Each structure stands twice: as C-alpha cells, then as structure tokens.
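If you check TrEMBL, you get these features:
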type	residues	note
TRANSMEM	30-48	transmembrane segment
TRANSMEM	87-107	transmembrane segment
TRANSMEM	119-152	transmembrane segment
TRANSMEM	172-191	transmembrane segment
TRANSMEM	203-222	transmembrane segment
REGION	240-274	region 'Disordered'
COMPBIAS	240-254	compositional bias 'Basic and acidic residues'
COMPBIAS	255-265	compositional bias 'Acidic residues'
TRANSMEM	282-303	transmembrane segment
TRANSMEM	350-370	transmembrane segment
TRANSMEM	376-400	transmembrane segment
TRANSMEM	412-433	transmembrane segment
Amino acid sequence: MERTASVSADPEQRPDTGGRCAKCRSWGGFWVLGLCNNFAYVVMLSAAHDILRKQESQNTTAPTSATLTVDFQAGNNGSSSYDCNPVSTAAVLLADILPTLVIKLLAPYVIHKVPYGFRVLFCVVMAATSFLLVSFSTVVWMSILGVIFASVSSGLGELSFLSLTVFFSRDVLEGWGSGTGGAGVAGALLYSGLIQLGLTPRITLLIMLVVPLAMLISYFFMLVPPSSLPQWGAREAEHAARSSEETQRMIDGSDKEDEEEEEETSTPGPTGPLTFAEKRHIIRGLLKFVFPLGLVYFAEYFINQGLMELLFFQGFFLSHAEQYRWYQTLYQVGVMISRSSLRCLKIRKLWTLSLLQVVNAVFLLFAVRYQFLPSAWIVFAVILYEGLLGGASYVNTFHFISKETEDRHREFAMAAASVGDSLGIALAGAAAFPVHRYFCSL
C-alpha cells in the first residue's frame with residue numbers, strides 16, 4: 001500500500017507535509033505539547049501542599065500530609081544548624097517520579113500497539129483528572145492519587161511525544177525541548193501568581209484545566225501529521241519508519257537523491273515488527289546515551305532535592321523559603337534556556353555535561369558541609385548553570401539518538417531512552433534521604 005509520507009535518516013529528507021507553514025505549525029505544536037505535558041507535573045506538588053494544609057486544619061488526624069510538605073520554618077529542628085524540614089523534599093520527589101519511571105521501563109515494549117490518538121486522549125484525561133482530584137480532595141489519599149495521575153500523564157506523554165517526533169522534521173525536537181523547559185517556569189509562575197491574586201488553590205487548579213485542553217487542541221489541530229502516522233489504527237512500527245522510494249521522488253524531485261534513496265531502501269533488512277532480540281540490541285546501543293543522561297539527572301536532582309533546602313544563608317534579605325523558591329526558579333530558567341538552544345548549539349560529547357554536573361554536586365555538597373560560601377548569590381549562579389547543563393544534556397541526547405538511529409529502530413529508541421532521566425531522578429531521591437538525615441543530625 002502506498003504511503004504519501006515517510007521518515008528517513010536525514011532531517012532534510014523527512015517530509016515537511018505541506019511546506020514551511022506546516023513545519024512551523026508542527027514546531028509550535030510540539031512546543032505546546034512539551035509545555036502542557038510537563039505542566040501538571042510541575043504544579044501538582046505545590047497545589048497538593050496547599051490542599052493538604054487546608055485538610056490538616058480541618059482534620060486533626062492527617063499526619064501523613066507531612067510527606068508532601070515543603071515548608072521552611074526557622075526552628076523546625078532545634079538540634080540542627082541547617083534549619084531542616086522535618087521530612088526531606090526527596091520524599092516529594094520519589095512520590096512524583098516513581099509512576100513515571102515504571103511507565104518508562106515497561107511501556108516501550110507494548111505501547112507501539114496503541115495508536116497515538118488514543119495515547120494523547122489518555123494523557124489528557126489523566127492530567128485533567130489529576131487537577132480535579134487535588135482541587136476537590138477532602139482526604140489525603142485523594143491528593144496523593146492526583147499527584148500519581150499527573151505523573152502517569154507526564155511519563156506516558158513524554159515517551160509517546162518523543163516517539164512521535166520521528167514522523168516529522170527533526171527540528172520539532174527543539175520545539176518539544178523548549179516547551180518542556182518552559183513548563184517549569186510557566187507552571188511555577190502561573191500557579192504562584194494566581195494564588196497571589198487571591199484565588200484559592202481549588203479555583204486555581206480548576207482554571208488550569210485549560211492545560212489538558214490545550215494539549216488536545218495542539219495535537220489534533222496544530223500538528224500536520226503525515227499519513228504514515230498511526231493515529232487511530234493499529235499498524236506495525238516499521239511501516240512508519242521505512243522510506244518509500246516513489247514518495248521520496250515526489251518529495252525531493254532530485255535524480256541524485258532518488259538514487260540514494262533507492263540504494264538505502266533496497267538494502268536487505270528484516271521486515272515485520274521488532275523482535276525482542278532486536279529491541280534488546282537497540283537498548284544496548286542506547287546505553288551510550290542513557291548513562292550520561294541518567295548521570296546528569298542524578299547529580300542535578302541530588303542537588304535539587306538533597307542539598308538546596310540545606311543551602312540557607314542567615315542574614316540574607318530573602319527568607320529560607322524564598323531562597324529555596326528562587327533556587328528552583330533559577331534552575332527552571334536554566335533548563336528552559338538550554339532546551340531551547342538546539343538550533344544554535346549542538347553538543348555531541350554528552351559525558352562532558354555529565355562530569356560537569358557531578359562537579360556541581362560535589363562542590364555544593366562540600367559547600368553544605370563546610371559552609372564556606374559567603375552569599376546566596378554564588379549559589380544562584382551555580383544553580384542557573386546546573387539548569388543549563390541539565391537542559392542541554394536532555395535535548396542533545398534525543399537529538400543525536402534521532403540522528404544516529406536507523407529508521408526502523410528510531411521510534412522504539414526514542415521511547416526507550418526516555419527512561420534515562422527518570423531513573424537518574426529516582427536514584428537521586430533515594431540518595432538524598434541519608435544525606436538529609438546526616439546533615440540534620442549535626
């Protein structure tokens with residue numbers, strides 16, 4: 001059966017499905033998808049804390065709400081010089097990342113059987129349900145369930161949309177990366193801003209139901225998908241990844257390119273769905289990308305959830321809570337900038353980014369232990385730099401996976417590699433617990 005579009009190894013040979021206008025629409029569509037996919041994930045913990053605090057005031061028997069509390073009050077732990085929170089913020093991190101990690105570990109092996117349209121609808125429903133659950137929660141378990149639903153939506157959405165990029169020009173990866181980077185800043189600012197205007201957390205979350213709606217509109221109305229995209233019907237993955245010689249002639253209009261495509265598509269190779277052995281071989285080839293990405297995220301979330309709350313400067317014009325909030329904001333700004341930089345700068349030596357991030361973590365670990373930094377301004381600069389490294393690692397990892405993976409394997413590879421950052425984050429959360437306990441005992 002003939003197809004009117006194809007995916008090839010060269011970004012310039014991928015179909016633009018309608019010209020420059022269509023490419024711009026798809027770039028913008030992936031930007032909105034990236035923003036919406038991470039939005040609920042970003043704001044959910046802050047919202048859950050506000051709701052849980054209200055529940056705690058209404059129900060005196062709500063001790064488990066402490067696990068979601070990220071509130072800094074002087075004298076919480078009178079025996080420590082670090083002004084410690086009773087429960088490490090790593091507890092919040094683990095609650096938010098574990099569902100995503102499970103999905104990314106298991107879904108790549110079976111998700112290809114589910115068309116993209118159904119995946120997007122599921123993500124939209126899960127995100128909307130998370131907002132509704134947390135906004136209307138009257139007991140702790142409802143709020144926690146809302147956080148889990150947001151994590152499921154984000155995890156499934158990330159691996160699905162990364163796989164989806166193989167059907168479009170490779171520059172949509174820049175749009176996706178920029179959107180995910182912007183979600184952190186936009187989510188935090190919008191939620192805080194609406195609360196500052198006097199709206200209740202419940203009303204604020206109900207307003208944010210527009211975010212899942214925007215994801216739905218972006219996917220179904222902004223993107224210009226090729227006919228090879230399995231949007232509603234089940235179809236084997238390699239049919240979407242293999243090139244069509246006749247279609248390439250129509251798209252490229254060049255005899256020389258036709259000859260190259262003929263040589264490429266005539267190369268003998270296996271047909272049919274990817275076997276388990278093939279998937280295992282692909283994963284082995286991805287390790288050179290997944291390990292550096294995982295290490296970067298391990299180091300940066302060890303900083304974010306294990307060290308940031310301990311980097312408190314007495315006498316600074318910002319309170320402890322305000323210092324922590326600015327640490328998180330500057331980190332998200334750095335991520336947004338670097339995830340938007342793919343058009344200007346591509347970094348192939350991913351291990352360099354990993355090692356630089358580890359140096360950051362070690363430096364700040366010693367800064368917490370020996371308290372030799374004179375001012376929070378230095379930490380602000382380091383945190384911004386940390387975000388730049390993390391965002392650059394993410395967007396360059398998936399750019400080079402897309403570029404260097406052969407057509408038939410690319411869709412699976414993009415989904416499978418998405419586990420790298422989540423695995424690093426989960427390990428960082430686990431490692432942050434003993435560090436927090438140690439410093440708070442001093």
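In case you wondered, yes, glycine gets a Cβ from its N, Cα and C as well.
Between the transmembrane segment (282-303) and the transmembrane segment (412-433) there are at least 3 Cβ pairs closer than 8 Å, counting only pairs 6 or more residues apart in sequence, which means the two stretches are in contact.
In this chain, the transmembrane segment (203-222) lies apart from the transmembrane segment (412-433): fewer than three C-beta pairs between them fall below 8 angstroms, excluding pairs fewer than 6 positions apart. Within its own chain, the transmembrane segment (376-400) is flanked in space by residues 162, 165, 170, 173-174, 177, 180-181, 289, 292-293, 296-297, 300, 303, 308, 311, 313, 316, 318, 323, 326-327, 330-339, 341-342, 345-348, 350, 353-354, 356-357, 360, 363-364, 367, 414, 417, 420-421, which lie at least six positions past its ends and keep a Cβ under 8 Å from the stretch.
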